[in-house]
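**Student:** Below is the structure I would like to discuss, written out as structure tokens.
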Amino acid sequence: MSSKLSTGMRGLSSQVGTETSSSSEDDIDDAFSELEGPEVSTDAVQDKKNTFEGNEDELVSDPDLSDDDFMEESSHDTLGLSDTEADPAEKLLTRKKLTSELFNAIVKDPNSSIEDVLSKWVEEGKELGKQEVTAAILGCRKRRMFGRALQLSEWLEKKDEFDFIERDYASRADLIAKVRGLQSAEKYIDKIPKSFKGELIYRTFLANCVTSSNLKKAEEVFNKMRDLDFELTAFTCNQLLLLYKRLDRKKIADVLLLMEKQNVKPTSFTYKLLIDTKGQANDLTGMEEIAETMKAEGLVPDLTTRAIMVGHYVSGGLREKAESILKEMEAGDLKENRWVCRVLLPLYASLGKSDEVARVWEICKASPRLEECLSAIEAYGKLKQIEKAEAVFDKMEQKYKKISSKHYSTLLKVYANNKMLSKGKDLVRRMGEKGCRVGPLTWDAMVKLYVEAGEVEKADSMLQKAVQQNKMKPMFNSYITIMDQYSKRGDVHNAEKMFVRMRQSGYIARMRQFQSLVQAYVNAKVPAYGIRERMKADNIFPNKALAAQLARVDAFRRTAVSDLLD
């Protein structure tokens with residue numbers, strides 16, 4: 001690692017600390033957002049731990065993540081991993097784009113158990129080898145059908161004729177973590193034969209700890225890997241950077257120094273994380289320096305990295321720089337680079353460039369791809385051109401006969417952002433009439449819809465009813481959106497209720513919830529007895545902003561007035 005990068009990153013950590021201590025509100029927003037600046041993708045980031053399979057809304061966001069590919073990208077190579085050679089057969093399966101007959105059979109028969117599908121497959125005289133089952137597992141992963149993938153993996157492991165290798169065990173552990181949680185995955189890992197319990201197993205588990213924002217367990221796994229003398233890889237370091245970026249930015253410098261000491265070369269993803277962290281701290285000069293260092297190391301910023309920079313330039317008011325990068329991203333003839341259009345649309349909209357949005361959409365309009373439609377809906381929503389957003393949605397619905405709730409939710413978000421409650425309700429009814437399964441992603445959009453319309457209690461009751469009826473885990477953001485509204489009102493009772501419901505749903509306590517909860521006590525002007533002890537029990541240590549909040553609700557704090565009264 002170059003000394004330039006190392007020095008720059010040390011500056012990054014101290015800079016973030018300085019920036020976030022400037023004001024209470026900025027500290028809250030900055031310290032717990034995860035890539036909230038630029039909106040790179042229109043897909044909602046999806047929860048990695050939902051236990052219900054076969055649902056388009058199955059995996060919905062867990063932490064405070066924005067709609068981008070960071071979490072997806074960080075975990076994409078967990079099993080293949082860019083710094084190890086993937087199994088040639090698995091590479092071939094990936095290149096074939098997962099055209100597995102068995103996977104297609106599973107999708108076509110969603111109401112049958114995996115055992116029934118496999119039995120029927122064998123009865124029809126079809127071969128059921130490891131390669132076919134592995135391809136089906138990969139297909140299920142691609143569709144986020146983790147429950148089905150786990151059942152296939154369990155079936156595969158039970159068959160004595162198929163030899164399990166470390167990659168198979170790692171895949172199984174990963175699926176258990178996603179479906180049943182970290183504790184179950186850890187128990188499974190303990191049972192894996194020692195000869196197969198290598199670095200791949202542990203880094204797969206580490207990635208799931210990071211996805212779950214479990215700081216304590218992630219550090220425990222990392223230290224275990226060090227104790228076992230596994231080689232330190234860029235993937236492992238990137239996982240820690242991603243975690244610390246979200247939860248404890250002061251530790252970013254420690255990871256970078258360790259990388260320098262162990263001669264671990266930063267990857268494109270490393271730079272992407274650091275560029276975004278600088279941008280979130282509003283250190284745009286530092287962001288540019290990291291981008292230049294990245295180029296000097298022979299790494300060209302990809303489309304997502306440049307989109308991130310555009311987002312931060314827009315937020316920082318540097319419109320000319322944002323537009324300059326957008327023109328670079330176009331790279332000439334957009335008709336030959338159609339894949340760029342879906343990224344350009346919402347970014348031009350964030351600049352208020354309605355003419356540019358129209359120009360890019362014109363290229364796509366004759367035969368739009370699904371992702372381009374979603375980006376155009378999002379873009380026109382940002383521009384408050386609701387009729388145009390609706391026209392794109394109608395076009396998408398006509399071309400793609402069966403669209404999922406995820407696609408409906410894109411327009412639903414537009415209605416929510418523009419406080420169009422009636423239209424939002426009509427769209428949800430339309431989803432029901434089309435036989436579309438309504439899940440956590442749709443609930444989240446509905447929560448925002450009601451909250452923006454000032455109907456917080458309705459949002460609360462709707463979410464509670466949805467959970468009771470469907471037994472599915474809502475998004476983290478759904479809870480925190482309602483909780484923040486109660487907090488603003490100083491409604492301690494309902495803020496505490498939401499805090500409990502989040503824990504009951506399986507979300508571990510983190511600083512974000514405590515900030516909202518403590519603010520409820522601040523606004524109610526009542527002391528919060530035992531709040532520090534509750535935080536300590538959850539291993540939560542306050543930053544400056546939260547410490548200032550806690551001081552205001554300390555039942556035993558002394559002031560000049562109290563001293564006079566005494």
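Going from the start of the chain as shown, residues are counted 1 onward.
Here the Cβ of each residue, glycine as well, is placed from N, Cα and C on the backbone.
Remember, predicted model here, so these are calculated numbers, not experimental data.
Okay, so TrEMBL annotates it like this:
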COMPBIAS  1-17  compositional bias 'Polar residues'
COMPBIAS  24-37  compositional bias 'Acidic residues'
COMPBIAS  54-72  compositional bias 'Acidic residues'
DOMAIN    377-495  domain 'PROP1-like PPR'
REGION    1-86  region 'Disordered'
REPEAT    404-438  repeat 'PPR'
REPEAT    439-474  repeat 'PPR'
REPEAT    475-509  repeat 'PPR'
**Student:** Looking only at the repeat 'PPR' (404-438), how are its residues distributed among DSSP helix, strand and coil?
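**Tutor:** Each residue of the repeat 'PPR' (404-438) counted once, the result is 26 helix, 0 strand, 9 coil.
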**Student:** In the repeat 'PPR' (439-474), how many residues does DSSP call helix, how many strand, and how many coil?
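**Tutor:** With helix first, then strand, then coil, the repeat 'PPR' (439-474) has 28 helix, 0 strand, 8 coil.
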**Student:** Which residue counts does DSSP give the repeat 'PPR' (475-509) for helix, strand and coil?
**Tutor:** 27 helix, 0 strand, 8 coil
**Student:** What mean pLDDT does the predicted model reach across the domain 'PROP1-like PPR' (377-495)?
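**Tutor:** Per the prediction, mean pLDDT sits at 91 for the domain 'PROP1-like PPR' (377-495).
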